[in-house]
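These notes concern the structure reproduced below.
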Amino acid sequence: MRIGVLTAGGDCPGLNAVIRSIVHRAVAQYGDEVIGFEDGYRGLLDSHFRSLDLDAVGGILARGGTILGSSRLERDRLREACENASDMIRDFGIDALIPIGGEGTLTAARMLSDAGLPVVGVPKTIDNDISSTDRTFGFDTAVTVATEAMDRLKTTAESHQRVMVVEVMGRHAGWIALESGMAAGAHGICLPERPFDPADLVKMVEERFARGKKFAVVCVAEGAHPAEGTMDYGKGEIDQYGHERFQGIGTALAYELEKRLGKEAKPVILGHVQRGGTPTAYDRVLATRFGWHAVEAAHRGEFGMMTALRGTDVVMVPLAEAVTELKTVPKGRMDETESVF
Ligand code: F6P
C-alpha cells in the first residue's frame, strides 16, 4: 500500500508522534510505502512530498511541531483539490491519505473523501474542541504549559499585590481556560461559551483583598467576550479562513480591572508558547495510538472515517459526524469549579 500523510492547520504537540507511529506501523508491519506531503494540503496540490521511511522518523517522538510543515488552506484551493481528486490519486499512486488536523483540516478531509479520495483522518488540536473524540492530543500539553505559567504568576502576583489576567488559546471552546484555570486554582475564569461580567471579577478581587489575600489570577480564553453593555470591547473582523480577528481580551480586561479596582492588573498573553515544544507523555501516547489505528483502518479499507478516543478506547468514527459541530464546554463542567465565571 502507498500511504500519503499530511499535517494541516495550526501545529500542535504530538504531530510528529503520529507521523512516526504511522510510518512504524505501515512500514514495519505491512511493508507499505509512506510519503509525506509538505506544508499541509498545499503539498498535495503543488506535488511537494517526500518519502518517509524509518530513518526519516527517527528521534521525532518527543519533538514539538511537525517535520512535514503545516499551513491553512484557502477555500478556493480546497475546491480545486476536490475537483481534481481522482487525478491526484492517479498521479501520486496513493491508496490512502491520512490528513492530521483540526476542524478545518477534517472538514477538508471530509470534502476530499466525498470527492472520492480514500481518506482516514486523525484529529488534532490543542483546543480539544472536536466532537466525536473525548480528547485530542496537544490539549494536555497546552493545559500543562498554561497551568505552570499560572503557578508561576501566582507567586509574583502575591509579592506585588497584583491582579494577573492570563490569556490562553481557545477561539470558540474554553477547554484550555477551564482545565488550566482549575488546575492552577485561578480565581476567575472567562470562557467563550459564557459572556462574563467584569463586575463579578471586581467583586471577587475586592473580597479577596478584604480577606487579606492581596492578589488574584484570572484566566481568560482568547475567544471570551464580556456580556453586552458591561465593558467596551468590540467584535473583530472575520479573516480569509473564517476566523474572527481577536481584539486582545486579556489586555482589555486587565485595563478594565485596573481602572475599576484602582489596583495594578497586568495582562499576560501565553499565545503560541502553549503550542510549541515537547508533548507530554499523555499526548505522545494518544498521538501514537491514533497513528497506529489510522494505518489499521486504511488496511481494512475504512475510509471517510477518523480516529477518536472514547473512554480509553480508540475507535473509528465517520468524518461527517466529527465536523458537524464543535465540542464546547457544557454548563455542568463550569459548575464544578469554584472560580468566578
Ligand atoms: O486552533 C488552535 C489554535 O491554537 C487556536 O486556539 C488559536 O486561536 C489559533 O490556533 C491560532 O493559530 P495561528 O496563530 O497559527 O493562526
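Note: Cβ is positioned from N, Cα and C throughout, glycine not excepted.
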Request  = Look at the ATP binding annotation in TrEMBL, where Arg72, Leu73, Gly102, Glu103, Gly104, Thr105 are given, and name the residue from Gly10, Gly14, Gly170 listed for that site too.
outcome  = Gly10
Inquiry  = Starting from the substrate binding annotation in TrEMBL that includes Thr125, Ile126, Asp127, Met169, Gly170, Arg171, Glu222, Lys266, His272, Val273, Gln274, Arg275, which of Arg135, Arg162 is the extra site residue?
reply    = Arg162
Query = Of all the binding-site residues given, Arg72, Arg171, Arg275, which has the fewest Cβ neighbours within 10 Å once its own Cβ is left out?
reply = Arg171
Task = State the mean pLDDT for the domain 'Phosphofructokinase' (2-297).
result = 94
Local Cβ density at Thr125 (substrate binding site) - other Cβ atoms counted within 10 Å = 26
Remark   = Expressed in Å to no decimal places, the gap between the Cα atoms of Thr125 (substrate binding site) and Leu73 (ATP binding site) is 16
Remark   = Of Leu73, Gly102, Glu103, Gly104, Arg171, Lys266, the binding-site residues with C-beta less than 6 Å from an atom of ligand 1, in sequence order, are Gly102, Arg171
Query = Using C-alpha atoms, which one of the binding-site residues Asp127, Met169, Arg171, Lys266, Val273 comes nearest to Thr105 (ATP binding site)?
reply = Asp127
